[in-house]
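Peer 1: Before we start, here is the structure in question, set down as structure tokens.
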Amino acid sequence: MFRSSQSYEPISIPNVGPSKSTRASRRFSSRRTGSSSSLLNTKHGTIHEEEIDMSLLGAAMPMGMASHKTAYASVDEEDPEATVLSPMGFDVSSFLGPPQNEQQLREVNRQEAAGILTGGLGAGWKPDTTIRSTDLYANAPVTPKTPGGLSRGMSFRSPSFKRNPGLTRKQTVRELGQIEANKRGEIIEVIVEEPTVDISSFAGDSSASINFDQIENQTGTRKNTIPIATVEVFYPQDNWKPFSMRWPYISGLIVISVVLAGAQEYLLQRGAIVTFASAQELSTWSYFTFKYLPTLVAVSFGVLWQVTDFEVKRLEAYYQLSRQGGALAAESINVDYITFFNFLRPIRALTYKHYAVAVSSLATLMAVSLVPTLQAASIELKQGEKPDEEQEIVINAILSRVLSGILVLIAGLGSFLVWQLGSRPSGLVADVKGIAGIAAMANRSHILMDFKNMDTATPELIHQTLKSHRYSLRNSSLAPEDKVPLTQEEKDKYDQQTRQENPHPLMLRLVAGIPFIIGMFLFMIVIPIILFVHAANPLTTKVPWFLTALAVCIKLAWGTLETDVRMIEPFYILSKRHASPKVLTLDYTGMAFGWMPIRAFANGHFLVGLVGLGSVFAEILTICSTSFANVSGMNFTKGGGPGPGPEGPDSDHDRRATNDADSGEETFLSFWLSFSLAIFIITFLCLVAALVYSRRRHPFLPRQPNTIASILAFIHQSKMLYDFVGTEKMNNDEMVRKLANVGKTYGLGWFVGRDGEMHCGIDEEELVSAYKHGDDARKASRPWDFNEFY
């Protein structure tokens, strides 16, 4: 019985042994008041109010089975049955940076050899803020996807008993968590709290009896079986993209496509565009308008699409990495769109389900090749039956409609590209330029450990090693993604694809270079043959687009050569040893058409500048080739063109040429200017190509640096990575200044890595030796340490 003072009735101290009486189970510990409760006045070391009748233990409820918390609930205690985890290794060198003495160096070598990153590498991420899901719901913005308020909008929810996956609690928390992380610009940790459920509505009232003996016998009931709150971490998703991939630029391309299609149809409906008896009667502007302006617009349209296509191919891997759950290695860090054949690139992109690359490549191919060719072929010269009759420039109806249809198709592809690029974040905070950009993104996680022993590995070996891995882009850093397990089908998905085993790009090897130079030389011979030989001259009238098509083929091949030269130039400079820090941030693949040769000449890279200038000349060659349609060069030779024309001796064609000293659309000045310019451009391209193959045909790398994985394999054991710790958020200018302040030089070759072993790749000087293709410096310098795996 309780007293009115709410204290317990004092009872006598029980015997030491467990009591067998029924009253023993009803005993309570006495509560002392006043000075008698002081520990100084007790004769024994026990606290009387903590006394327990041991006979009660047989019916005690196991720890953690209380349905609710009370004021007397005990604090969590350590479970003696829980597995004792070994303490995580603590890397003191992460605070010290690179090793400063011989003892630290040996310790770093030991840790790196054991797979433990040092010097701040692999530090990971720590949440900046912790938020409970209830607070997240309370501050959630009211949107169609986040419940929280009434909306007058029309509901498109299907009348089904199945709940919309977009409204599930888990998905809502993820969306709100990602929104909050993006808004704060920091990493947040969300504690997902499940709603409280009254289980009495399912199990009955509290008067139901509980068999404690049965609960006690369940050995699996321990503290660690209590549900623990789920914790999810959200990283801010940046969405930097170059201007050529943003909606204003691509929308401009769409508008241009529609306008060109409409203009083509308007010219077709108009009939004769220009009427003249002799081309010399036309003003300079009128002549330029119908002769060169259409081709100039068509070529410029293709160049604008090329700028977008360059960036889409270069950054697609990062878009895939920024997806929820990441992407397979073969679909992201090990995908190659740079050196892949132009006409097969859309098919390869569809295989990977990279629809942005497929759409961009297809639209660019049509804009670069089909549009200029069809535009040149659609303009025809309609000559009068008599020499004194006027000539007309008209539009071919069939070719014009085909051209208009292609332009409309390009506009549709552009619309899809705008939606595709706008519906997913890039995950980038700034442009990823050069080796430094990739090195900065690889210092936070343990992704470098995945490239162990892959210094000189072939692309096939890299694929086989990484095919069971998935990677993601977290807070502007590359990281392994282990949350989603891979099936065997996913691992073997891309095993059948062929990969370039040659360490040198195809277009830089003589097997492709010699036919390319011969082809350009033959084209230079074909032009005068078609224009000045009677038997071949009818081709300019019957197949007016023939020379234009050949010029387009040369332009596409030269574009491939330029891409390869752009890609390998930083690595070639590094192979010469003691390169400037600027080389690590050098990336010609991301520079726009026309701007690249200017930057290359400013940097002193004259070969790259000449190749870039050749691309500009190749576009001009296409314009010149279109001017040779419906033209006979014999009419512009001395004397007005000796010999019979294509229609035979004493024809109206010859009489008109003799009297006016012009031929159809061309004047004497315009013909010889176009002809001379075309011959000069082809000669220039042949000489530059010969120079490229004389200087760049030899392999100087273990493999092509055409993927992110290939570059990571070059730097995974580099000591220079210590200088990139904490730089993942820097833009290119900040990176250039940081590396300049470090004051080191860099090279490509054999070096002693952080693990103390010999490696091949890119590192700070001094290196052990330069790289020579086919030679393994590990055998010569450390034969006793050589690993047969290599």
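Cβ atoms are placed via backbone N, Cα and C, with glycine included.
Okay, so TrEMBL annotates it like this:
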REGION    1-44  region 'Disordered'
REGION    139-165  region 'Disordered'
TRANSMEM  247-267  transmembrane segment
TRANSMEM  287-305  transmembrane segment
TRANSMEM  355-378  transmembrane segment
TRANSMEM  398-419  transmembrane segment
REGION    475-499  region 'Disordered'
COMPBIAS  480-499  compositional bias 'Basic and acidic residues'
TRANSMEM  506-531  transmembrane segment
TRANSMEM  543-561  transmembrane segment
TRANSMEM  606-629  transmembrane segment
REGION    639-661  region 'Disordered'
COMPBIAS  650-659  compositional bias 'Basic and acidic residues'
TRANSMEM  671-693  transmembrane segment
Peer 1: Could you give the number of helix, strand and coil residues in the compositional bias 'Basic and acidic residues' (480-499) as assigned by DSSP?
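Peer 2: Counts, helix then strand then coil: 4 helix, 1 strand, 15 coil.
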Peer 1: Are the transmembrane segment (606-629) and the transmembrane segment (287-305) near each other by the rule of at least 3 C-beta pairs under 8 angstroms (pairs 6 or more apart)?
Peer 2: yes
Peer 1: Give the nonlocal contacts of the region 'Disordered' (475-499) in its own chain as ranges (CB under 8 Å, at least six residues past its ends).
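Peer 2: For the region 'Disordered' (475-499), the list is 125, 187, 235-236, 238, 321, 325-326, 328, 330, 333, 351, 427-429, 441-447, 450, 458-460, 463, 467-469, 708, 728-729.
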Peer 1: Below 8 Å between Cβ atoms, which of the listed ranges 247-267, 355-378, 671-693 makes the most pairs with the transmembrane segment (543-561)?
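Peer 2: Maximum Cβ contact count belongs to 355-378.
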Peer 1: Taking the transmembrane segment (506-531) as reference, which of 247-267, 398-419, 606-629, 671-693 has the most Cβ pairs under 8 angstroms?
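Peer 2: Top-ranked stretch among 247-267, 398-419, 606-629, 671-693: 671-693.
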Peer 1: When each of 247-267, 355-378, 606-629, 671-693 is checked against the transmembrane segment (398-419) for Cβ pairs under 8 Å, which one has the most?
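Peer 2: Counting Cβ pairs under 8 Å, the winner is 247-267.
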Peer 1: Out of 247-267, 606-629, 671-693, which stretch touches the transmembrane segment (355-378) the most, going by CB pairs under 8 Å?
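Peer 2: The stretch I would name here is 606-629.
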Peer 1: Counting only residues 6 or more past its boundaries, what in the same chain has a CB within less than 8 Å of a CB in the transmembrane segment (606-629)?
Peer 2: 291-292, 295-296, 299, 303, 372, 375-377, 379, 527, 530-531, 540, 544-545, 547-548, 550-552, 554-555, 558-559, 561-562, 565-566, 569, 588, 593-594, 596-598, 600, 665-666, 670-671, 674-675, 677-678, 681-682, 684-685, 688-689, 691-692, 695-696
